[in-house]
Amino acid sequence: MSTLEELDALDQSQQGGSSNNEGLDGIEQEILAAGIDELNSRTRLLENDIKVMKSEFQRLTHEKSTMLEKIKENQEKISNNKMLPYLVGNVVEILDMQPDEVDVQESANQNSEATRVGKSAVIKTSTRQTIFLPLIGLVEPEELHPGDLIGVNKDSYLIIDKLPSEYDSRVKAMEVDEKPTERYSDIGGLSKQIEELFEAIVLPMQQADKFRKLGVKPPKGCLMFGPPGTGKTLLARACAAQSNATFLKLAAPQLVQMFIGDGAKLVRDAFALAKEKSPAIIFIDELDAIGTKRFDSEKAGDREVQRTMLELLNQLDGFSSDDRVKVIAATNRVDTLDPALLRSGRLDRKLEFPLPNEEARVGILRIHSRKMAIDDDINWEELARSTDEYNGAMLKSVCVEAGMIALRQGDTKINHEHFMDGILEVQMRKSKTLQYFA
């Protein structure tokens with residue numbers, strides 16, 4: 001079998017060789033059949049083709065070297081133009097220019113790409129100059145929008161870089177970097193308020209798809225009102241700790257500024273920062289400082305406070321409102337707030353924080369004393385009955401005073417009598433019935 005296979009392979013190789021010889025013979029026959037004049041003309045044509053190819057090769061090589069030199073020169077120009085410091089400016093408007101509207105100067109080193117007409121820009125620099133740029137610079141026009149902060153060359157005014165958005169330093173300080181340690185389990189007697197706040201603020205951020213499926217638009221904000229010491233700020237801190245959203249805490253008295261328009265600018269910057277870092281929660285404490293009912297006044301300070309509140313109304317449900325930014329407001333004087341703040345579409349969910357009842361007082365006392373060394377024979381129900389009309393802050397003071405009394409007496413554990421003495425200590429400070437509303 002091996003001998004037959006070798007013979008077949010030899011026959012195939014001979015057939016392939018004969019076919020190659022036939023091809024060579026065919027070429028040789030064609031050349032042999034041609035005359036001398038035809039061969040000379042073919043040779044001259046080939047030589048001309050070679051000369052044309054060589055000249056084309058030389059031209060392309062020269063163009064390549066020229067383009068490399070231009071690229072190197074342009075890179076040096078770009079590096080020189082990008083040398084710091086930049087001149088800071090703002091984009092006023094982006095324009096679409098037609099070819100017949102721009103007069104492009106003719107020069108020897110300009111090509112079709114350099115004279116290409118596209119988008120132009122109007123900018124305003126920090127030196128209060130308004131400048132028109134036929135060529136924008138190193139930033140793509142699609143990335144620029146009116147109002148953007150930019151860095152321009154101080155000589156040619158070409159846009160070199162797009163700078164990050166500028167916010168007031170006071171607004172940046174409002175962002176809570178370290179999350180609070182409070183949890184919902186640290187709040188006693190407010191289970192209904194916790195559930196409603198979770199449904200209105202946290203749930204739309206964590207499970208937005210459920211709201212979209214049902215076609216329900218979640219509330220934009222939540223207003224917490226009630227007497228002092230009932231846990232409004234504590235619940236807001238727990239909400240910040242349990243949610244993964246950016247949390248901005250601002251007190252309404254911070255928004256009352258001396259200069260006209262300064263408070264409204266703080267409100268705009270706070271909401272702009274929240275939109276940039278969305279989802280976000282803005283907590284406004286002591287809302288009654290800026291949210292009082294509007295009235296006619298000749299004092300500039302009163303008018304400035306009202307302008308600040310109007311800016312807050314615009315941010316809550318104006319053209320620039322954002323569903324990914326939730327607002328939590330807290331106040332002790334809900335009766336003095338402007339009706340425009342309380343209407344639906346702004347602060348939709350209203351949560352009342354009343355004084356805790358007897359069952360809630362038991363839960364609050366247990367929460368504040370769970371890390372304390374206490375006896376097992378403490379009657380929490382009796383302590384709750386003895387602390388009628390106490391708010392959560394006063395109940396915490398009772399636990400602190402009981403611990404101080406036990407420490408003063410040298411005891412190693414806090415018993416029921418210590419708590420009763422603590423109640424008397426807090427009661428002496430409460431000289432009269434607390435009235436927080438006029």
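Yeah, the Cβs are placed from backbone N, Cα and C, and that goes for glycine too.
The following features are taken from Swiss-Prot:
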BINDING   Gly226, Pro227, Pro228, Gly229, Thr230, Gly231, Lys232, Thr233  ATP binding site
COMPBIAS  11-22  compositional bias 'Polar residues'
REGION    1-24  region 'Disordered'
Cβ within 8 angstroms of the Cβ centroid of Gly226, Pro227, Pro228, Gly229, Thr230, Gly231, Lys232, Thr233: which residues besides those meet this for the ATP site?
Ala330, Asn332, Phe353, Asn391, Gly392, Ala393
Which residues in the same chain, at least 6 apart in sequence, have a Cβ under 8 Å from the Cβ of Lys232 (ATP binding site)?
Met224, Phe225, Gly226, Ala330, Phe353
Local Cβ density at Gly231 (ATP binding site) - other Cβ atoms counted within 10 Å:
25
In this structure, which of the binding-site residues Thr230, Thr233 has the fewest other Cβ atoms within 10 Å of its Cβ?
Thr233
Where's the emptiest Cβ shell within 10 Å among the binding-site residues Gly226, Pro227, Pro228, Gly229?
Pro228
